[in-house]
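I have placed the structure first, in the form of structure tokens, so that the comments after it can refer back to it.
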């Protein structure tokens, strides 16, 4: 009886581990961990909300960091747009000024 259990137990453990965890290709393992990580990140705030003060503070800090990052990207986008506008207007002004100088020289 014991020898039968000893033979079957490792096989059962191997099958259990194989079917419990995703032991496929490295890509599928990576995607599985990525999906679970994303799911964790999405549900983190709702999961910890109301648990205790520390986790609420962490959640609020997390939200503030996200808002700051969004503001930074908006600022940098506005700066890039302004810079682009300045460059394009500057080139147009520069060209018209150069034409005006040429016209005065020709006259």
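The backbone N, Cα and C atoms fix where each Cβ goes, glycine too.
Range with TrEMBL annotation region 'Disordered', chosen from 6-25, 26-45, is 26-45. Helix, strand and coil residue tallies for the compositional bias 'Basic and acidic residues' (69-92), in that order: 24 helix, 0 strand, 0 coil [DSSP].
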